[in-house]
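Shown next, in structure tokens, is the structure this report addresses.
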Amino acid sequence: MFVWREERFWYNDQDGSWTRRSFNVDVTYADLQSVAHDCAVKEMRYDTVKSQKCDARRKRLLVYGPNVLTVEVSNFGRLLMTEVFKPFFVFQVISVSVWMYQDYRIYASVILGMTVVSVLYNVFETRRNLKAVQKLAASECLVKRLTLSTNKAADIGFKKVTISSSELLPGDIVEVEAGMSFPCDLVLLAGQCVVNESMLTGESAPVPKTPLPSGSSAFGQVFQSKSDRDRRHMLLSGTLAIQIRGSSDPRMHQMSGSDGSDQHASIWQFLGLQHSQAASSSTKEDTAPVAAMVISTAYGTAKGHLVRAIRFPKPSKYNFERKLYHFVANSAIYLVVVCAATIYFQVGKESAMTIFEACINLVTIAVPAALPLALSIGISVSFNRLQGKGVYCINPGRILSLGRVDTLCFDKTGTITEDGLNLKGVVVVKKCENETLNTTMGCGELEKDPHAVFLQGQQALLVRSSVGDSADRNSVSSLGLFYTLAACHDISLLDHMETGSGIAKGDEIKKVIGVKISAEWLRRFPTVCREFFSKNSYANPSDTTIVEHDPRIVQERYQFIGDPLEIQMFTSTGWRYMARPFEEISPSVRRPDSPTHWTNALSAVDTVIMPPTEVDSKPLLAVLRKFTFDSEIRIMSTIVLELPSIDSTLDDARSWILVKAPHGDVYSLQEICVPESLPHDFHSQLQTLTAEGYRVLACAYRLLGSMTIPQMMVAKRKHMESELIFSGFLVMENKLKPETSGVLLQLAKAGLREIMVTGDNPFTAAAVARQSGPYFLKPGCRTYLLDQVPDSNPERYKSRCVLTSFDTEGRSEIDVDTFLLPQPTDAGSSNYQTSGGSGGAVNLVVTGRAFYALLQQHEHLVERYTERTGSTPVKIMECITPLHMVLTQAGIFSRMSPQHKMELMRSLQDLGYVVCMTGDGANDSGALKAADVGISIASKPAASTDTMAAGPSIAAPFSTKLAHIGVVPMVLAEGRCALVSATVMFKYMFFYGMTQATSVIVLYRLRLELFDNQYLLVDLGLVFPLVLLMPATHPRKELTHGRPEGNLLTFPILISVYGQSVFIMAFQVIAQVYLEQQSWYERANDENADRFDWQYNQNTTVSFLFASFQYVATALTLSQSFGLFRNSVLSNWPLTATLICQFVLSSLLLLKKMRFVSKLFGLVDLTQHWHFLLGLWLLAVGNSLLFVVFERYAVFHKSTELDMSDTPRGEAGPGGSANAAGLDRMRRLLRGQETFCLPGRPVVRDFFQVAEVAGPLWAQLS
């Protein structure tokens, strides 16, 4: 066994591999219940077989380890050593040592001081971050572990043992308490819990958790920890229990979930013992505890994965510092040349040691020791600007990656559209008046007022007493649809007084709650609650008037929790939600005055739905049983009891089962409805509504007249959800955010590809895409849906995906495998031919299951290629698969699960895209972390004007409390500006070193040297202020087309660096030749020994004065914005003022006689040779202009990588099409018909090549 990155690996003797060992939870629900029972039995036997039990527990401890998230915080010395041994720091130490040896102490001291400060800051910051991670990981606390025990009378009961959470092991059962921060991952077995998961997901809304199903109702279902279905049963490490509710009758709970055929032991057999004993002994503990079983500990938990991701982040494919090292290594050629020149000039005249010192001095000059400092300043400036704009970055290194983004992926709900939904209306199924049709049912008009539908149904029933004629059928359908809207949901109430949490209370939903909660339950049913008050702090029932008549208290105390869609559906009805008080749930306080009263006969009823007080009729719906949403059958249902009034008995009630299918799964409900109840225009009505961008839910019902309540409570779900009567559609409207269209236009103009990635229905996603503008779907192009169809005999290399046109009815399907695979027998071989077809003029909408099928097919094709060739494909073009072709063409990915979204990010990256994912940080957290850049936005506007009031989110590298995608162009602009600034700072530091090194080598020719104060003026007076001010230029507000160059070894960068270097060296040589051609020139050499001074002479003076202009000119040259990614240099007024002052200072040093300054900097007075100085000044100005002109017109300032507007997809649409001639040139270059393309051969990435191959194929569909 060994541990790597906090994971334990064990050797497998069978196959000779190392594998992770984890607690197996991929079993059925019944098996998980058995695990809990078995662990409890073993704990009961602990005293009788102590030694054996200790050995078993020790083995489990060895396999899983202690439940501790260990984060080692290295001591100061170790971190310091890590910093000081970085390559650039070592070089800085060498440079400072050389300067100290040469008595250049002032600048050396400044650099040394700043380096030491930088190193110490990095050490302290690293240590602070490690401590913050350690604090985040700290989760040890005291917990109550539940075990079985026996007494002398052999009675079995359970006991609570308080232990440290570090002793917990998978399989242990613990009691969940309110306010408990979970130290491990658990699955809830008994009771209910409301959890705050904001620490993990960034979602502030509380999440209700329900116990794991038991009995035959869960028979055969496999627990899947990553599925949305089973996440509602899981309590994740690091989350907080803000409210709990135990079960009043475990035996009833067990009965309601089982028909007695389940042979697996239930946890209720363990927990129910105490309940039965407590009931008989009148103990204070009337309810069974909320219990959960440990399934993951330490770094196997959700919090452990998060801490590991922080400690060991995924390395970025783009590393500017690494490319910097590559360039420095590439510039070694120049260092070799200057060192060779130094040796040539001084060999035979100086000692070997002197020549060696001169070469080392040149190296320290040519590679500036302040280079890392200059680069870090630029990133720090961008980081601070982002934070000032309300954008927090937990990884500043990702800022440079922002500048390379070419593909943008957006979640839909809460990102592109509003997070909340409004009920547009309901469509009720009614009898069709056209008697010639085979079916007698049809969809009615869209009714915008659902309560009017209820009143119509009620009135019709009052007029007609018989059931079965057409009028009553319409009435019952109307009531069934409305009751589904009102009662078929899984929302609940959060009691703030009980939790003590600080959840925001400003939601409009609280205005709807009012007094319609627990207090009203007490007022409506006082006889039931008589003894409740005597056992609690209330003196008498009249005390409830304090709550009843002061809605503010209730609004502050209660909050709806659950699916926002369901909350919006319920509140749109205007009905009242009443929940039984938690304390009153205890059976020991129920003392019915009337045994036939429904509240006394139905102890399981905790929720009642009632109409508004102004409604004449007073029916109510008592919720008996809920079948929560199942991801496999794709529906949810509720069994309710309809009572005419509060005082009704069970004899007056009738029972309903209300069923709904969520948006995108409407057809799953169609299959279990009676065919005669389906409207003839079912499909056309559904398509019409979804095409308009609405979210459509299908509803059905069945009257349970022949079933008794006990039968309803134990019946299997499959039996209950059958032979349903279709009642109609619920139509929800999800509006675009006001900022969406304008932002998408701005991003499209920048040449960025935009992709919608949503879990929504493909038709609704397409409708929203069209509403937002011509960005995700190109106008004037045919749109195809790519989906997977079932296949009874699937082949391994077939995806079973088909293309279906959006545009026509009864359209034919195109098999993707036949269409995109060139030869089925040689699938995966690179038999595609690159052609010059324009292609690509189609839109693709891909479903999640189709994407996953293509992903699996891709993996199989790669395996087949490897088996055939004996090697894995190094380049994409060696093995193009249908997945690659779809990824280059699709604009919408719908019905995508969180796992699908994460895999999509990785697949796009494998094709060469640089991806930015934008979502809400909840369901999209995996994709946000997998993308090159992840931006988490708030689903709702922040309540505070301080956008950073709530702090950063760890769900993504970038987070903001802004509630719209307007942050995306702002962040991208800042990233582009930061990348340009980093490149500019590198180039300037290179030019600075080149200028100074050239001055030195020109003087070495005559065995001369610059004066120490001249070095000091250049380093601290000229260069250092520019290094501080140049990155301060702000980004352009609007994104420009194209991206900045991020590779320092590309042709444009090399042209700029080496071209300007030639000008630097050439003009310095010209200046020296111009000096030496003067009649008054005095050569400083050995022949004039009496007047020889190796620092104070005409050559040194001219070299220093002329180079001073070059330092300023190169800074001005590189500060140009070129109208691309940064504002004009004039907008950076401190930099502009500094450049002007430095140019004036350089001119005064050259042209004006200043004795003190001349003496301070060792300058020879040349003012009597005015004509020479004027010529030198004009030469410097000409050199400066040449710098500016060359950089502006001879250097390409965008990335040489072909961006999205150069691909066939970019030929149409507002993203801006590339110049036709330029695009043709690119394609000729790609096919080898052209060998050179100014400003150099572009970088052709994989996705561009795939698009060229797939273009003609897609063109066949246009």
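Yeah, the Cβs are placed from backbone N, Cα and C, and that goes for glycine too.
Source: prediction; values computed, not measured.
Among the features that TrEMBL reports, domain 'P-type ATPase A' is placed at 159-243.
With a threshold of 8 Å between CB atoms, the same-chain residues lying at least 6 positions outside the transmembrane segment (106-124) that come near it are 76, 79-80, 83-84, 89, 92-93, 95-96, 99-100, 369-370, 372-373, 376, 1012, 1015-1016, 1019-1020. According to TrEMBL, the feature transmembrane segment maps to 106-124 (among others).
Summarising the annotation, TrEMBL assigns transmembrane segment to 324-345 (among others).
According to TrEMBL, the feature transmembrane segment maps to 985-1004 (among others).
The transmembrane segment feature in TrEMBL is assigned to 1016-1033 (among others).
The transmembrane segment annotation in TrEMBL covers 1053-1075 (among others). Below 8 angstroms of C-beta separation, residues 334, 983, 987, 990-991, 994-995, 998-999, 1002, 1045, 1047, 1081, 1098-1099, 1102-1103, 1106-1107, 1110, 1114, 1117, 1172, 1175-1176, 1179-1180, 1183, 1186-1187, 1190-1191, 1194-1196, 1239-1240 of the same chain, each at least six residues beyond the ends of the transmembrane segment (1053-1075), sit close to that stretch.
Sequence annotations record features per position, and here TrEMBL assigns transmembrane segment to 1096-1113 (among others).
Through the fold, the transmembrane segment (1133-1151) approaches residues 1022, 1025-1026, 1029-1030, 1032-1033, 1105, 1108-1109, 1111-1112, 1115-1116, 1119, 1157, 1161, 1163, 1167, 1173-1174, 1176-1177, 1180 of its own chain, all at least 6 residues removed from its boundaries and within a Cβ separation under 8 Å. According to TrEMBL, the transmembrane segment annotation covers 1133-1151 (among others).
For the transmembrane segment (1172-1190), same-chain residues at least 6 beyond its ends with a Cβ under 8 Å from one of its own Cβ atoms are 1059-1060, 1063, 1067, 1070-1071, 1074-1075, 1078, 1102, 1105-1106, 1109-1110, 1112-1114, 1116-1117, 1120, 1146-1147, 1150-1151, 1166. Annotation comment: TrEMBL describes 1172-1190 (among others) as transmembrane segment.
Below 8 angstroms of C-beta separation, residues 991-992, 995-996, 998-999, 1002-1003, 1006, 1008-1011, 1014, 1017-1018, 1022-1023, 1026, 1064, 1067-1068, 1071-1072, 1075, 1081-1082, 1084, 1139, 1142-1143, 1145-1146, 1149-1150, 1161-1164, 1166, 1176, 1179-1181, 1183-1184, 1187-1188 of the same chain, each at least six residues beyond the ends of the transmembrane segment (1096-1113), sit close to that stretch. Within its own chain, the transmembrane segment (985-1004) is flanked in space by residues 324, 327, 331, 334, 338, 341-342, 345-346, 358, 361-362, 365-368, 370-371, 374-375, 377-378, 1010, 1015, 1018, 1023, 1026-1027, 1030-1031, 1048, 1053, 1056-1057, 1060-1061, 1064-1065, 1068-1069, 1072, 1099-1100, 1103-1104, 1107, 1110-1111, 1114-1115, 1118, which lie at least six positions past its ends and keep a Cβ under 8 Å from the stretch. Cβ atoms under 8 Å from those of the transmembrane segment (1016-1033) belong to residues 106-107, 110, 370, 373-374, 377-378, 381-382, 977, 981, 984-985, 988-989, 992, 996, 1104, 1107-1108, 1111-1112, 1115, 1118-1119, 1121, 1126-1127, 1129, 1131-1132, 1134-1135, 1138-1139, 1142, 1161 of the same chain, restricted to positions at least 6 beyond its ends. Counting residues of the domain 'P-type ATPase A' (159-243) by DSSP class, helix then strand then coil, yields 14 helix, 31 strand, 40 coil. Residues 87, 355, 358-359, 362-363, 366-367, 371, 375, 986, 990, 994, 997, 1001, 1004-1005, 1007, 1048-1049, 1061 of the same chain lie 6+ residues outside the transmembrane segment (324-345) yet bring a C-beta within less than 8 angstroms of a C-beta in it.
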